[in-house]
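S.K.: Have a look at this one before I ask anything.
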Amino acid sequence: MKRPVQLLRTAVVGGASLAMTLFLTACGGSEDAAGGSGTIHVLVYGDATNKVEKQLVDTFNKTSKVKAVLDTIPGADYQSKLQTIISGKQAPDVFFNWGGGSIKPYVDAGLLMPLDDFVSKDPELKSAFLPSVFNTAVVDGKPYGVPMRGTQPVLLFSNDKVLKDAGVSAPRTWDELLTAVKALKAKGVTPIALGGGDKWPTQMWFQYLYDRVAGPELFQKAVDGDKEVWASEDSRKALGKLKELIDAGAFGSNYDSVKFTDGGSPALLATGKAAFELMGSWEYSTLQDAHPDFVKSDLGYGAFPTVEGGKGDPANIAGNTNNFYSVVKTTKHPEAVAEFLKLMYSDEFVKAQLAVGNLPTTANTPKFLDTAANPAYSTFQYDLVKKAPAFQLSWDQAFPPAATTTIHQAVQQFFNGQMDTDAFIAAMQSLPAA
Amino acid sequence: MTTATAPAVDSVEKPGTRRRPSRTGTGVGRPGFAWAAPAALFFGLFAIVPLALVLVLSFTRWNGLGSPEFAGLENWSKLLDDPVMVKSLWLSLLLTVLGVLVQTPLSILLGVWAAGHQRNRAVLSAIYFVPLLLSITAVSVLWRAVLDPNFGVPSQATWLFGDGNLFGVQAGALGVLVFVSTWQFTPLHTLLYQGAARAIPQVLYQAAQIDGAGRYRQFFHITLPQLRNTVITSTILMVVGGLTTFDTVLILTQGGPGTDTTNSAYYMYQKAFKSFDFGAASAIALLLVLVATLVSLVMVRLSGYDKMRSTMEGV
């Protein structure tokens, strides 16, 4: 009795899978056959800003025959995944990067398309962006990237409720910061949240102190291959200041078990277990996603404190100048890519970035500043970036990737005491030049 | 396995006669090379060929872009002078030894207990088995969250964890790594011991009972000696797993604090996919292969595993 039913079922299942296979094959075939159409793959760093990239890809696909596909790689794995696929068949057409040092090896290997042609056809692809930012992705005199997110200066964020409870105001100088640390410790609060497990948040403290104490020239010399600067008076002075802060217990004792990437350190700030966090401007969208109420009520932010007697201009900033879209030379649809890149200075792009707390670096940005999610925050950043005489690119982006591990280990070991000043200097002197 | 049980069958059938070297003429031919060909091909393609390529790469300079440049012995001489490399080998050995020392007693006890046929034991054994079904990545992410110093268990149990800086000190980070592997892999070894314990002939226990041996004597004089071959199998699995520990390190500690949990496998990954120095990474990979081969040779020699002595003699 059962047999005919089973037979029927087998026939249906078999037929269905056969039909599906044929259907899929047909789909695969039509894509190549249609000539003008096709896809371009856009690869970006996976985080909260992806919704803006998604929106722009959708906008692009409404009018374009060639469809854009957005691929994301979660933050921590981005660089290594990119390196392994960029010279192969899986290479994206357009990809996210940090400009300068992060694309230099690809330019050297002849993998990237110089954007001169695009710019000569549409001069706005260059003129619509602030020159200082656009120039970060100029390698050997040729442009290789178009700014595609916001500028990301590193700021000192705070929980203003915690500060108020401890009777502390936002510190403007290094000494005020040390005083605030003492007052907060007395209140039983971790003064500064630090995602030491990720290591690059630790590095941010070095970037700012070196810039404040020695000015941007010291680090620039180091990147250019002058190893002696690490052993200079200024270098030791910067390390001494930092040591003072660490020894004052500013970061608590378990920061190396905390991470920014899993939401640990922002949560410390938002829940009032810590008072400050030094973080890139993306902290705003991260907090808005995870702790919207805190952003509304108690989130404070300010520039890094000045250091008395330092050689660096107190208006200098550090961080990521912007992120960039670069184009892989082997792309089959350069015209479509050029059209896609033009969206990066569109009004829609500027509005969408501002809405998530990012600050675009296009010429049309100022007229939309009041549409930002938090106009005060965006205006503060915009003024900060505009007035900054120097914008220090993150250390691990300025040096080639081969140096990253050593830098990250050294900053962590200096913080936890495994390296003293001399050992740290020796570690930095062992870095390869860019 | 067949060679191990064959003598026992022989001795039952024809007591007193010597074991014959082969059983030709019975009509059952031994498998020829054709039988091994698929496996050999697979092994060659996915183990031997990559190993050869890695050997070649270890003499080159390559960052993954363009083509490798011949570099002679540069990678190897740098490796031997590298303090992190030496430290990473010790850490690999330490993680392995700690893993074996913690997991073996646990899984023997659990396995022997689970070998009983009572219903509650069957149910509990099934529950104990669950960690093995989860992906090691998921397990690591889970434990990382559970052990968060500010929002996880340590913040509620300061009497035990202090400030909760488990990932910031070497002992803590190593402890977490050993604990998480133990949590995940003890069920596998428990399963091995459960099967082995069930295979021990009941007559041995009956005889021991008649002789007046208690449960402890039975355990130490019958169960443990009978589990000898399983102990070796399980230990070899643990050693191989321990030397190549990678996923837990990647997700839980990233080799930190500093280089304090950077074992050789993670160091290799760091060289290859963080520093994009595939030449040096290949040299580390080969060194790891050499060390692992050496360790397993020593283990086989010391344990007498190569002789495969039967535990059924005289039964």
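Just so it is clear, glycine is given a Cβ too, placed from its N, Cα and C backbone atoms.
Caution: TrEMBL annotation is automatic and unverified by curators.
According to TrEMBL, the protein carries these features:
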type     : residues  : note
DOMAIN   : B:89-299  : domain 'ABC transmembrane type-1'
REGION   : B:1-26    : region 'Disordered'
TRANSMEM : B:33-59   : transmembrane segment
TRANSMEM : B:89-114  : transmembrane segment
TRANSMEM : B:126-146 : transmembrane segment
TRANSMEM : B:166-185 : transmembrane segment
TRANSMEM : B:231-252 : transmembrane segment
TRANSMEM : B:278-300 : transmembrane segment
S.K.: Could you tell me what the rest of the chain brings near the transmembrane segment (B:166-185), counting residues at least six beyond its ends with Cβ under 8 Å?
M.R.: 91, 94-95, 98-99, 102-103, 106, 131-132, 134, 136, 139-140, 143, 147, 149, 154, 238, 241-242, 245, 248-249, 252-253, 256-257, 260-261
S.K.: Establish whether the number of Cβ pairs under 8 Å between the transmembrane segment (B:33-59) and the transmembrane segment (B:126-146) reaches at least three, counting only pairs separated by 6 or more residues.
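M.R.: Answer no: the transmembrane segment (B:33-59) and the transmembrane segment (B:126-146) share fewer than 3 Cβ pairs below 8 Å.
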S.K.: Could you give the residue numbers and ranges of same-chain residues that sit at least 6 residues beyond the transmembrane segment (B:231-252) on either side and whose C-beta is under 8 angstroms from one of its C-beta atoms?
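M.R.: Hits for the transmembrane segment (B:231-252): 92-93, 95-97, 99-100, 103-104, 107-108, 136-137, 140-141, 143-144, 167, 173, 176-177, 180-181, 185, 188-189, 192-193, 261-266, 269, 288, 291-292, 295-296, 299, 303, 305.
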